[in-house]
Structures are given as structure tokens and as C-alpha cells.
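Per Swiss-Prot, these features apply:
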ACT_SITE  170  active site
ACT_SITE  219  active site, proton donor
ACT_SITE  289  active site
DOMAIN    26-190  domain 'FAD-binding PCMH-type'
């Protein structure tokens, strides 16, 4: 395999790297610079070398990210595969931001610690889950957070508690110019076999109702208060709606799938069309969960 075709390695910096390789939609323009740190100390050293005005973006599994065809100017920090340390101390789990949520759930179950089972249903990394208070199966990320560790663009690390952040439904705000690099989660003892059985049942139900295995970002829109985005989209008759090779899933209306060769422009146009049509028919303006970044193709 040629070097240009393989995925970036820990400690490696690439220029104009296609982000389609690192997003769950399998679509996206290039990053001017893409860096995957070889651990937290390496990340700190890298950030200290960056120019003061360098734009910074963060990416885990790319499961809630759409990069326009014109790409991203600046540097993208790829945490998955770089910040992936996990350890347990008593009833607390220390996890870095690049740890996939599914891996985190499995690790906690193996350790006999309950409370993290819901992470099995989050298709991203812990860093992304912290940034948006991601949830699944009735659980939310920040309900388990004891403290977090952040880094700023100068490579300064800080420990912070939940009191430093405003946390809501799929929204987190806190100190400006800081990004999550790790967290400590509070859990409690549980029966590993029972937890495994519960997660298996929940994932089986999810697989029956969601287009798992097809390129998507997971849920496209937040649920509005007292309702479900999928219900509103389906009631508007939008299941199966297409724009280019992007399609509203026939299985779950709050998923947009890449049926093969969809461009970021296809996906963004379909998101806008669904949002506008739901607003016209139901008087509800849906708010996207997905982050749309980068420049349109000139």
C-alpha cells in the first residue's frame, strides 16, 4: 500500500489529507494539516510549536462532522488512535479523549463497573461525547463526569470540574479556547454478565431500527422539546428523499446515508431541505447535531 493511501500514524503530520478517510459519512474535503498525536505529551509539544494564529479543529471518529469540499485551513488534531489511554482506579475510570465510546463501555463492563453501558450506543470518541453531552439508551455523558482535563492552544493542561461548564441536552459550554483531552468517570460495582446482556439487547434493538453499517453521522438533528426529529421528518414524508447520492434513510428518518459517492454538498443540501420542509409543515425548526465546517468548493 502506498504511503498516500494509508491512514495517518501516531506522531505523523500530513498536508492536504482527505478528511473523507476520517469521517463516518466517508465524504469530506482535505485538511491543510492533519496531525495524530502519539500521546498526550506529544500533543502538548506539538501545540507549543504552532503559530499563535493557526486555526485548530479537533476530530475523533468524525461521526458528527461534515467537511465541505474546499477543505479546512489550519490544523486538524486527530485524537482517535493517539489519545487512547484507559485505566481504572477503584470505582473511577480515567480515559483519554480519543477512546472510542464503544471501547470505553466494553472496558468498564470487563472491570465490573456499571454506569457506562450507554456509551456502547454513541458512535464517536469520549472527547466528542464530552463536547456535546452525547447520550444513548437513556444515559448522558456528563452524568458520570467527576472531572476533565483540557488543553489550550499553547499546550497548557488544566483540570476542571463539572462546575466549570454549562451542560444541557446535546450542548456543553465552558472556558473559551480549551479542548477536552481526558476525563475521570464515576461508576459503581456491577455484574459484568448482566451488563453485557443488557448492552447486547440494546444494540440488537438499535441495529433493527437504525441503518448501522451504512455511512452516516448518526442522528442528524437534535430532538426538539417534547418530540422526536425522526417522527417529524417521517410525518413530512421525507423518508427516502435524495440529493445526489445522499439519502434520508428508509429505516430511520433522522439518519442521512451516503449511498455511494455522495459529496459534502449533497449532504449539506439535503440537511437544509429536510430542515426547511419540517419547518414548513410542522412549524418546528430542527437544530443539527452535526458540525458543518470548511470552505465550499470554488
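Each residue, glycine too, has its Cβ placed from N, Cα and C.
Annotated features, which come from Swiss-Prot, shown on the structure.
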residue : record                    : DSSP (3 states)
170     : active site               : coil
219     : active site, proton donor : coil
289     : active site               : coil
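In this structure, the C-alpha atom of residue 289 (active site) lies 7 angstrom from that of residue 219 (active site, proton donor). In this structure the alpha carbons, written CA, of the residue listed as 'active site, proton donor' and residue 170 (active site) are 11 Å apart. Counting other Cβ atoms within 10 Å of each Cβ, the active-site residues 219, 289 show the lowest value at 289. The Cβ of residue 170 (active site) lies under 8 Å from the Cβ of 132, 133, 134, 135, 222, 289, each on the same chain and at least six residues away in sequence.
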